Amino acid sequence: MRLYTKYIKKYGVVFCVSLFFLTLEAVCDLLQPTIMSRIVDVGVAQRDLNYVLSTGGLMLGVTAIGAVAATMRNLLSTYVSQNFGAQLRSDLFKKVQSLSFENIDRFDRASLVTRLTNDVNQVQVFVNGMMRIFVKAPLTCIGGLIMATQLNPRLAVVLAVVVPIVGLFIYLNMKIGFPFFMKVQQSLDRVNGVMREYLSGVRVVKAFNRFDFEVDKFSHANEELQTKSISATRVMSIFSPAIMLTVNLGIVAVLWMGGLAAEQGDMQVGHIIAFTNYMTQILFSLMMISMVFNMFVRAKASAGRIGEVFAEENRMTWKEQESLRGDGKGRIDFEHVSFSYEGGHGESVLKDITFSCLPGETVGIIGSTGSGKSSLVGLIPRFYDATKGTVRVDGVDVREVDPKLLREKMAIVPQKTVLFTGTVKENIRWGKDEATDEEMELAARMAQAHDFIERTPDGYQARVGQGGINFSGGQKQRLSIARALVRKPEILILDDSTSAVDVATETKIKEALREYAQGLTCLLIAQRITSVMDADKIVVLDQGELVGIGTHESLLKDCRVYQEIFQSQIGKEVQ
Ligand code: GTP
Ligand code: MG
């Protein structure tokens with residue numbers, strides 16, 4: 001609830017104004033049966049046409065005021081709920097962005113999407129509903145009870161029986177419905193998850209002819225959602241008719257009691273009509289209340305899930321005042337670093353790693369797949385925190401600096417290339433907003449991307465589809481290298497970034513980099529030994545352990561793992 005104080009403050013005034021209109025509307029509604037009973041009991045009974053006309057005019061006026069009030073609160077409630085929804089969604093998005101990888105790993109990605117869309121929507125619908133009916137319904141209900149009792153205390157006995165029964169139904173409805181809606185939400189997550197996975201792997205699914213399998217998987221998730229939704233609705237569907245039945249029985253009782261009394265001459269017809277009118281109003285408002293409670297149940301489940309994201313404390317802390325020393329010039333030190341995923345509870349991925357990259361050095365990192373290379377470099381921009389030991393950049397512990405400052409110093413070409421929807425130019429500029437066209441072109445030339453970009457009809461203005469779908473693997477990698485180079489970082493991290501590029505092009509990129517990398521610390525992860533051979537220093541990883549460090553020649557002499565890699569790659573070519 002505390003989370004929403006901010007929004008209450010922001011929209012509180014408009015909210016209250018809309019409540020004012022709502023109250024006005026409810027009062028108008030409540031006045032009508034009484035006015036009508038007068039018309040019947042006085043005007044019609046005494047055949048006084050003037051009274052009928054003047055009181056009828058009053059009734060029209062009251063209805064008109066009610067209609068204006070209803071229009072106003074509709075306009076206001078739409079304004080508030082839409083703005084609130086947009087704001088909440090944007091705050092949630094910002095929160096997700098601010099979280100560290102470790103935090104995000106704890107949520108299923110698909111569930112984050114449903115939280116941002118469906119859950120926010122549910123809360124928004126509730127806010128809208130609350131402003132339209134939530135206050136009006138109890139108002140009409142209580143007002144109706146008072147007016148009806150005043151009109152005829154004898155008939156009010158029926159109300160004393162009907163209202164508690166209906167109240168009980170509403171309570172049960174809420175109590176039983178809540179867990180069901182939680183389950184519906186979880187099933188929706190699963191449907192989204194399956195869909196997302198299918199879409200991101202659609203080519204593989206088709207290539208392996210696993211279409212039926214995926215359809216089955218989807219149907220399974222979909223059916224689960226269906227059954228869960230049906231059982232949730234089933235619970236709900238018992239209560240609404242039960243409420244309706246109870247109130248209708250009440251109306252029958254009023255007509256019966258009123259009829260008996262009228263026969264004996266101690267009740268007026270107008271009173272009976274007005275009383276049943278109030279009963280219907282009370283019925284409707286009670287139905288509304290149960291409907292709003294249904295909305296509330298759903299919104300509560302959704303709000304809880306949104307709250308979970310907001311409540312996720314970013315585990316990454318730092319000292320505000322600490323800044324990186326400018327004279328370090330991109331030095332990186334690993335001191336007895338151990339690391340495991342899942343907040344340090346997972347399997348050990350890196351074990352007691354110690355080495356340094358001096359400013360301006362190019363350090364190659366090699367090791368078999370799964371040996372922890374990507375995990376190792378992920379600690380430098382502080383994607384994750386080391387479980388033990390310290391990672392230092394420019395001599396400062398990365399845990400003490402604002403990650404923003406830290407990341408400003410470096411550029412990373414991730415192993416899995418990520419491009420964004422937009423133009424080629426926008427994608428390269430993404431590395432540095434203020435880059436000039438010349439700088440951008442230079443970066444593209446160094447990454448050997450300029451030629452193929454120029455060859456496309458639109459050149460730098462060519463569209464990039466979602467995830468770079470319209471570019472080949474090697475082209476994507478080169479665009480992603482250009483994006484990093486345009487940044488002119490002090491530390492450049494290339495994670496297997498030329499794996500999809502042919503050897504001739506790779507050589508050209510390396511030559512361009514060598515010139516560019518003067519004075520720049522460069523970490524180069526590679527599978528091919530030829531990619532790292534001429535680095536100043538090569539780090540060899542094996543199952544998370546550092547098993548060798550040195551130049552190509554020295555490692556060839558005394559590092560067994562390096563020798564094996566060399567044998568398997570170069571040795572074969574020689575044979
Ligand atoms: P290649 O890129 O294939 O050459 O491997 P790598 O040397 O870069 O290995 P990486 O650092 O990606 O992975 C090392 C180990 O960490 C592997 O055993 C993975 O199972 C594990 N791992 C990698 N990423 C994650 C992650 O995001 N979460 C969890 N829980 N484990 C991970
Ligand atoms: Mg990797």
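Cβ coordinates come from backbone N, Cα and C, glycine included.
According to TrEMBL, the protein carries these features:
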type	residues	note
DOMAIN	17-298	domain 'ABC transmembrane type-1'
TRANSMEM	52-72	transmembrane segment
TRANSMEM	133-149	transmembrane segment
TRANSMEM	155-174	transmembrane segment
TRANSMEM	238-258	transmembrane segment
TRANSMEM	278-297	transmembrane segment
DOMAIN	332-568	domain 'ABC transporter'
Within the same chain, the residues 6 or more beyond the ends of the transmembrane segment (155-174) and with Cβ under 8 Å of it are 145, 148-149, 235-236, 239, 242-243, 246-247, 249-250, 253-254, 257-258, 271-272, 275, 279, 282, 286, 289-290, 293-294, 296-297
Tertiary contacts of the transmembrane segment (133-149), defined by C-beta under 8 angstroms and 6+ residue spacing from its ends, are 19, 22-23, 25-27, 29-30, 33-34, 155-156, 159, 163, 274-275, 278-279, 281-282, 284-286, 288-289, 291-292
Under 8 Å Cβ-Cβ from the transmembrane segment (52-72), and at least six residues away from its ends along the same chain, one finds 18, 21-22, 24-25, 28-29, 31-32, 35-36, 38-39, 42-44
